[in-house]
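Some features that Swiss-Prot has for this protein:
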| type | residues | note |
| --- | --- | --- |
| BINDING | G67, P68, E69, S70, S71, G72, K73, T74 | ATP binding site |
Amino acid sequence: MAAAPDRQKALDAALAQIDKQFGKGSVMRLGDEVRAPIEVIPTGSIALDVALGIGGLPRGRVVEIYGPESSGKTTVALHAVANAQRQGGIAAFIDAEHALDPEYAAKLGVDTDALLVSQPDTGEQALEIMDMLIGSGSLDVIVIDSVAALVPRAEIEGDMGDSHVGLQARLMSQALRKITGRLSQTKTTAIFINQLREKIGVFFGSPETTTGGKALKFYASIRIDVRRIQTLKEGADSVGNRTKAKIVKNKMAPPFKIAEFDIIYGQGISREGGIIDMGVEHGLIKKSGSWFTYDGDQLGQGMENSRRFLRDNPELAAELERLIKEKLGVGVKPAEAEKEASPKLKAVDGF
């Protein structure tokens, strides 16, 4: 074995050659610099941000949101888009289903005038557009809605009844191999919305599976299973859904956490309702009968009145949200974010 000084000289020479050929920082020691905090995009639900363990969806990673129809998948994705735009970011939406409702998106806070939208004809076209947008280095978040609608060109141009086994899975595998590195380099979050299917002949375990093969399961840093569990009513009228999100996979924090939040028809995720739920759960908000109080002041009688009070007092809502996240140790502290994160990619707790 070579002497230690000789080995170190050989390593230094190799590192110098790598830096010269591939650019400075191509290889680094983990201890060389203090690592910047994980940069995130808030989801719009404080319960989901806490369940994710880092305060939102991580930048530079692949995220999969899946579940049954009308469970709130696109709503969660659009809230992430709106929050990225509030941070000054640029967002794109690949509408493979041709079903994006601009009016609904605007109600959720999305700047539809600035949102980049594509309605591709084939899966190849959709993924090529996505690859080019990510490669520009200008995007903060891109949503693909949905994986199931990424139909390969051969299937579209073929006849009904033709067999195209594995085409979509191969397409997804190739695309993810190409984009994963670029996402990390450009700090772009890619959100894939996916649908559920049932496997035939499964007698043990869940028969449910997602479309597009196994590649997305492997490449995704976070997978969120979104389900509608209850209909919210005011009198006889249905006003929204109670939604449960399970973090099925999480490379950034412990997985399998569960979050519940309300989605109000025409308004999206009830941020204020989530703050009240989490505040009560962690002792910041007191509930006595139907009354909710914070620091001796009454928020309102009943959930709807308390929601409305927080909506009319955004400073109080932001303070409660900050206190909840601080108590649970979730999100980036402002001083750390200012010191270590770049202005464009700075994590934001409030929105």
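Every residue, even glycine, has its Cβ placed from backbone N, Cα and C.
Sequence features, as recorded in Swiss-Prot, placed on the structure.
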{"residue": "G67", "record": "ATP binding site", "Cβ neighbours (10 Å)": "24"}
{"residue": "P68", "record": "ATP binding site", "Cβ neighbours (10 Å)": "14"}
{"residue": "E69", "record": "ATP binding site", "Cβ neighbours (10 Å)": "8"}
{"residue": "S70", "record": "ATP binding site", "Cβ neighbours (10 Å)": "10"}
{"residue": "S71", "record": "ATP binding site", "Cβ neighbours (10 Å)": "22"}
{"residue": "G72", "record": "ATP binding site", "Cβ neighbours (10 Å)": "25"}
{"residue": "K73", "record": "ATP binding site", "Cβ neighbours (10 Å)": "25"}
{"residue": "T74", "record": "ATP binding site", "Cβ neighbours (10 Å)": "25"}
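Residues G67, P68, E69, S70, S71, G72, K73, T74 make up the record's ATP site, and a Cβ search at 8 Å around their centroid adds V226, R227, R228 from the same chain.
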